[in-house]
Amino acid sequence: MAARAAPAPGALLCALLWAAAAAAGGGPGDNPAPGAFGRVYRGAVNISAERVYAFAYRSEPGQVDAVRVYVNSSSENLRYPVLFVVRQQKGVLSWQVPLIFRGLYQRTYNYQEVGRTLCPSEPTPEIRPSDQIIFVDVASMAPFNIAYELLVTRLENFQLETNKAFNFTASPSQPQYFLYKFPQDVDSVVINVVSDAAYPCSVVSVQDIVCPVYDLDHNVEFNGVYQSMTKQAAITVQRKDFPGEQFFVVFVIKPEDYACGGSVPSSIHGNVNRTWNLQRTKNLQVTIVPSIKKSVYIQAMFFSFLSFLSFYLGSVVVAFVHYIRVQRKASAGRLSPEHGSGMMTSSHPISASTPEGSSYGAIDESSSSGARQLSSPERRPPAGSDTDSSVEEESDFDTMPEIESDKNIIRTKVFLYLSDLSRKDRRIVSKKYKIYFWNIITIAVFYALPVIQLVITYQTVVNVTGNQDICYYNFLCAHPLGVLSAFNNILSNVGHMMLGFLFLLIVLRRDILHRRAMEMKDIYTLDYGIPKHFGLFYAMGIALMMEGVLSACYHVCPNYSNFQFDTSFMYMIAGLCMLKLYQTRHPDINASAYSAYASFAVVISLAVLGVVFGKNDMWFWVIFSMIHVLASLALSTQIYYMGRFKIDGPDSDLGIFRRAVMVLYTDCIQQCSRPMYMDRMVLLIVGNVVNWSFAIFGLLYRPRDFASYILGIFICNLLLYLAFYIIMKLRSSEKLLPIPMFCIVATAVVWAAALYFFFQTLSSWEETPAESREKNRPCILLGFFDDHDVWHFLSAAALFFSFLVLLTLDDDLDTVRRDKIPVF
């Protein structure tokens with residue numbers, strides 16, 4: 001081992017050293033002599049003979065001196081180890097050789113070579129050099145001689161420098177630690193540690209300048225902040241956390257790789273009580289760089305808020321332009337009945353006749369006049385009476401005795417129009433959709449409060465214990481603020497909250513203008529445009545805001561235990577968007593809020609079960625795939641028959657099967673040349689192909705990220721239904737106005753950019769913390785935000801534009817009678 005000899009002490013130092021050695025004494029026959037740095041001492045000890053060495057050195061004023069002791073012994077006798085005790089001015093350090101480490105299942109590993117750095121002496125305020133003395137005692141209780149070697153050196157590169165890489169080697173029995181002092185103009189630094197080899201597994205720790213230094217595998221977690229590491233680690237350290245403005249960086253190699261995702265060495269499987277002399281060394285490089293300044297925090301916050309405030313400004317401009325256009329058209333006497341809700345345009349429904357051979361439950365198009373008679377003004381309340389009543393319940397929807405039998409006839413028409421599916425009292429239907437809004441607020445409150453409490457606890461545990469393996473951050477771009485370890489990941493979610501609130505304001509404006517329009521004219525008797533029910537839109541706005549809140553909570557400490565915080569409202573947003581799209585032309589037969597939220601709860605439960613059991617358990621994937629396929633078929637049946645499919649055969653056990661066989665024969669065999677509802681059939685066939693493909697893919701490949709797998713199913717179904725809706729809208733000679741066209745283009749562009757950053761994986765709680773850190777990357781925006789933060793920004797904007805598409809897509813129908821608007 002290379003060593004650097006200390007300068008020869010002066011006469012006074014030599015005298016002190018000889019006196020100390022003589023006072024320390026030794027075993028019988030020993031003649032203690034002063035030790036020399038950089039010299040290898042060989043000897044033997046037994047129960048009656050021990051050795052004492054004294055090493056003296058002179059410490060310069062203001063200098064921190066570190067001494068490292070190397071020892072080894074060829075003996076593997078665990079019953080009689082060689083004991084080494086190092087005495088300093090303010091502390092004692094001891095260990096034995098062989099040095100024993102314990103691993104998984106109480107496996108033991110022994111090392112004959114040990115190297116330890118002594119806790120350095122504190123710099124003295126004296127202006128003259130001070131003399132230091134170290135005693136090394138070597139002893140053993142063995143009745144026979146055990147040979148040993150001793151080498152004591154002074155460390156030349158003990159203090160790390162800013163922006164300067166330092167390379168070294170460590171092993172389980174030869175840990176390393178170094179000193180770092182904050183420069184005057186630096187308040188925060190990032191300790192970057194890299195290695196070319198993933199294994200052996202190692203631990204990086206930051207500890208205060210306190211003796212003893214915890215630098216062994218069994219005690220490194222007792223003090224300071226620490227991370228496990230394979231190829232990469234990064235720890236952000238702030239000056240305020242260290243009153244002395246300096247700290248130790250400790251590097252420990254673990255005896256096993258299990259904690260980092262590695263396997264136990266095959267040579268020791270099944271051997272619990274044996275010891276092994278495994279040589280595990282790792283080359284490491286450490287670089288300490290200054291972190292960002294406070295001004296970058298301010299710039300990042302201004303950027304975040306101003307970026308989304310620009311959406312508010314754009315919305316104000318659009319609203320002002322729309323107001324000017326409405327005023328001009330009003331002055332010209334060309335104001336449409338629905339001037340407050342959308343643009344003026346006209347549309348013509350698709351013209352078609354009932355095909356021959358489609359008499360299964362179908363009636364002629366002329367029967368729609370009878371349906372319109374049911375929508376007579378007698379059952380409609382006067383204008384301005386859109387108020388809720390405590391006695392009105394969902395059971396009051398069908399207010400006429402004949403409506404149940406009548407809707408069975410109307411909904412089986414081959415060609416349906418909006419007037420056929422908007423026959424219920426608007427007040428009752430509007431109240432039904434308001435339940436979505438109030439229910440999601442209740443869900444949000446009861447969901448968010450325990451979530452906030454839990455993540456605060458997580459962050460507190462991280463701060464108190466120093467265990468940075470609890471949370472899966474991108475440590476190369478984790479900027480702390482206050483008690484938060486990664487403030488940038490939380491700040492980037494402000495877009496969801498701001499744009500969700502903006503969407504609520506836009507919906508509220510439309511709602512108010514619509515109510516004013518109804519007060520000005522008896523809109524209930526006009527039957528123009530898509531029925532305006534805003535309850536689902538309000539629920540979507542709340543869901544977008546809560547996605548921001550819960551995503552921020554998740555990123556306080558992202559890990560395996562709280563992943564559902566980040567995904568729960570994503571499922572709800574996708575589901576609410578599909579419900580809103582379906583409700584647009586099926587206002588009377590959409591799902592109730594209770595059944596919708598119950599379905600979301602089932603999906604979230606499946607997502608949790610998938611993460612817990614979906615990695616290796618084939619039985620779970622079989623059950624989930626069956627549920628997925630059966631749910632797709634059941635939903636397809638309800639959509640194809642407009643909710644009128646009833647399994648109500650004879651009172652025998654075979655009645656269900658008889659009804660199913662009869663339906664399959666009538667629709668699939670007797671009329672296989674052309675289904676009764678061609679457009680719906682095309683959509684459902686494509687939808688089932690997509691969902692069955694997802695089920696087969698999951699069954700075969702069993703993706704590890706089950707939460708994203710479920711979310712992908714939702715998003716694909718939503719995009720499929722939206723594409724079908726737009727295609728059918730264009731087929732029906734309807735138009736896309738400039739605003740929805742702009743929103744569609746913006747949605748596509750922003751989603752494409754957002755998904756690019758989403759797939760830039762920066763961490764993964766499905767792996768060990770050390771393996772996850774291998775994916776960490778530096779910041780890419782303002783030196784403050786990483787790829788995932790950019791995903792947060794873009795996904796918030798993409799969701800906002802997506803909501804605007806659903807809000808404005810049918811503005812061209814505001815001047816079209818509902819008996820001319822086709823249903824698809």
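A Cβ is built for glycine as well, from the same backbone N, Cα and C atoms used for every other residue.
What TrEMBL records for 343-357 (among others) is compositional bias 'Polar residues'.
TrEMBL lists 365-376 (among others) with the feature compositional bias 'Polar residues'.
According to TrEMBL, the compositional bias 'Acidic residues' annotation covers 389-399.
Summarising the annotation, TrEMBL assigns region 'Disordered' to 334-399.
Feature annotation from TrEMBL assigns signal peptide to 1-23.
What TrEMBL records for 300-324 (among others) is transmembrane segment.
Annotation source TrEMBL lists transmembrane segment at 436-456 (among others). Among residues of the same chain six or more beyond the transmembrane segment (436-456), those with a C-beta under 8 A of the stretch's C-beta atoms are 535-536, 538-539, 542-543, 546, 549-550, 553-554, 556-557, 562, 565, 568, 572, 576, 593-594, 596-597.
According to TrEMBL, the transmembrane segment annotation covers 490-508 (among others). Under 8 Å from some Cβ of the transmembrane segment (490-508) lie the Cβ atoms of residues 300-301, 304-305, 307-309, 311-312, 315, 484, 534, 537-538, 540-549, 551-552, 555-556, 785, 788-790, 792-793, 795-797, 799-800, 803-804, 807, all in the same chain and six or more residues away from its ends.
Beyond its flanks by at least six residues, the transmembrane segment (536-557) meets 433-434, 436-437, 439-441, 444, 447-448, 451-452, 455-456, 458-459, 462, 470-471, 484-486, 489-490, 493-497, 499-501, 503-504, 507, 563, 565-566, 568-570, 572-573, 576-577, 579-580, 583, 792, 796, 799-800, 803, 806-807 of its own chain at Cβ-Cβ distances under 8 Å. Summarising the annotation, TrEMBL assigns transmembrane segment to 536-557 (among others).
Annotated transmembrane segment per TrEMBL: 563-582 (among others), in sequence order. Residues 436, 440, 447, 451, 455, 536-537, 539-540, 543-544, 546-547, 550-551, 553-555, 590-591, 596-597, 599-600, 603-604, 607-608, 611, 639, 707-708, 710-711, 714-715, 717-718, 721-722, 725, 765, 799, 802-803, 806 of the same chain lie 6+ residues outside the transmembrane segment (563-582) yet bring a C-beta within less than 8 angstroms of a C-beta in it.
Under the heading transmembrane segment, TrEMBL lists 594-613 (among others).
Residues or ranges marked as transmembrane segment by TrEMBL: 619-641 (among others).
Residues or ranges marked as transmembrane segment in TrEMBL: 681-700 (among others). Sequence-distant contacts of the transmembrane segment (681-700), counting only residues of its own chain at least 6 positions beyond either end whose CB sits under 8 Å from a CB of the stretch, comprise 621-622, 624-625, 628-629, 632-633, 636, 639-640, 675, 709, 712-713, 716-717, 720-721, 724.
Among the features that TrEMBL reports, transmembrane segment is placed at 706-727 (among others). Residues of the same chain lying 6 or more positions beyond the ends of the transmembrane segment (706-727) and with a Cβ under 8 Å from any Cβ of it are 563-564, 567, 570-571, 574-575, 577-578, 581-582, 584, 603, 606-607, 610-611, 614, 628, 683, 686-687, 690-691, 694, 698, 736, 744, 805, 809, 824.
According to TrEMBL, the transmembrane segment annotation covers 739-759 (among others).
Residues 304, 307-308, 311, 342, 489, 492-493, 495-496, 498-500, 502-503, 506-507, 510, 537, 540-541, 544, 547-548, 551, 573, 577, 580-581, 584, 722, 725-726, 729, 736-737, 739-740, 743-744, 746-747, 750-751, 753-754, 757-758, 760, 780-781 of the same chain lie 6+ residues outside the transmembrane segment (790-809) yet bring a C-beta within less than 8 angstroms of a C-beta in it. Annotated transmembrane segment per TrEMBL: 790-809 (among others), in sequence order.
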